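S.K.: Pulled the feature table from TrEMBL, pasting it below:
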- 7-27: transmembrane segment (TRANSMEM)
- 39-56: transmembrane segment (TRANSMEM)
- 91-111: transmembrane segment (TRANSMEM)
- 131-149: transmembrane segment (TRANSMEM)
- 158-178: transmembrane segment (TRANSMEM)
- 184-205: transmembrane segment (TRANSMEM)
- 217-241: transmembrane segment (TRANSMEM)
- 247-266: transmembrane segment (TRANSMEM)
């Protein structure tokens with residue numbers, strides 16, 4: 001399941017990076033009105049194509065009786081009762097860890113270009129290439145991490161290792177900025193993007209922890225916390241830069257990473273959904289085998 005989700009996320013990452021790269025190449029040669037018009041046409045065409053795919057998509061096989069029974073069991077609870085049971089200790093700890101790591105890195109990506117231009121004012125053209133290369137490697141690493149999650153069930157250890165690695169990478173990135181080494185900055189930018197994908201283990205573990213509760217509630221609340229956290233951290237980190245300088249931002253991020261690691265260490269991640277799906281597959285196979293006989 002993690003591998004399939006990783007492939008979908010990877011397609012999104014690559015598509016976004018290609019569009020951003022194309023825009024950075026067009027900007028010097030076109031006025032703002034033209035760029036805005038072209039973007040509107042592109043977005044409407046993209047939305048129409050996505051709707052067409054959604055309408056034409058049909059399941060290859062009808063759900064079995066066992067799968068229908070499992071779905072009814074998951075969706076039998078009232079909404080607010082599901083919300084109450086969703087907010088258990090492990091899920092709340094995962095929310096905290098994700099907010100202080102994934103949301104923090106999303107905010108950091110928002111202001112990283114601002115930090116970059118402060119130190120490399122005449123190398124703005126490098127940003128588009130740097131983001132494209134980072135996105136390609138991120139997409140590939142996300143698929144690898146998805147495979148590792150499915151194969152070895154190592155969500156917790158990978159997330160902790162990714163956060164520790166991000167702390168070291170961010171420190172090296174700051175070193176590259178101070179000494180104006182574009183090579184170090186470029187390399188650490190790419191490595192940071194790769195290790196950020198390791199944090200997707202938190203995303204994948206959210207519905208696992210609360211199974212058999214409806215996955216929509218777990219995933220939606222997770223997304224809300226990440227989006228709100230990203231916005232708050234973007235504002236906070238921008239204010240820190242303006243008031244105390246760039247070094248203070250990296251010190252702030254390090255302290256948040258430490259709290260995130262503590263939260264992950266205190267979390268008990270049980271892959272309930274994965275185990276249930278394995279059992280469901282076996283039950284379905286046995287049922288079909290008995291029907292054929």
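Heads up, the Cβ atoms here are built off N, Cα and C, so glycines get one too.
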S.K.: Could you check if the transmembrane segment (217-241) is in contact with the transmembrane segment (131-149), meaning 3+ Cβ pairs under 8 Å among residue pairs at least 6 apart in sequence?
M.R.: no
S.K.: So, taking each listed stretch (91-111, 158-178, 184-205, 247-266) in turn and counting its Cβ pairs to the transmembrane segment (131-149) that are under 8 angstroms, which one gives the highest count?
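M.R.: It is 184-205 that shares the most Cβ pairs under 8 Å with the transmembrane segment (131-149).
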S.K.: What stretch, picked from 158-178, 184-205, 247-266, has the most CB pairs under 8 A with the transmembrane segment (91-111)?
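M.R.: It is 247-266, which has the most Cβ pairs under 8 Å.
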S.K.: Give the nonlocal contacts of the transmembrane segment (184-205) in its own chain as ranges (CB under 8 Å, at least six residues past its ends).
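M.R.: 1-2, 5-6, 9, 94, 97-98, 101-102, 105, 112, 116, 120, 126, 130, 133-135, 137-138, 141-142, 145-146, 149, 154-156, 158-159, 161-163, 165-166, 169-170, 172-173, 175-177, 222, 264, 269, 271.
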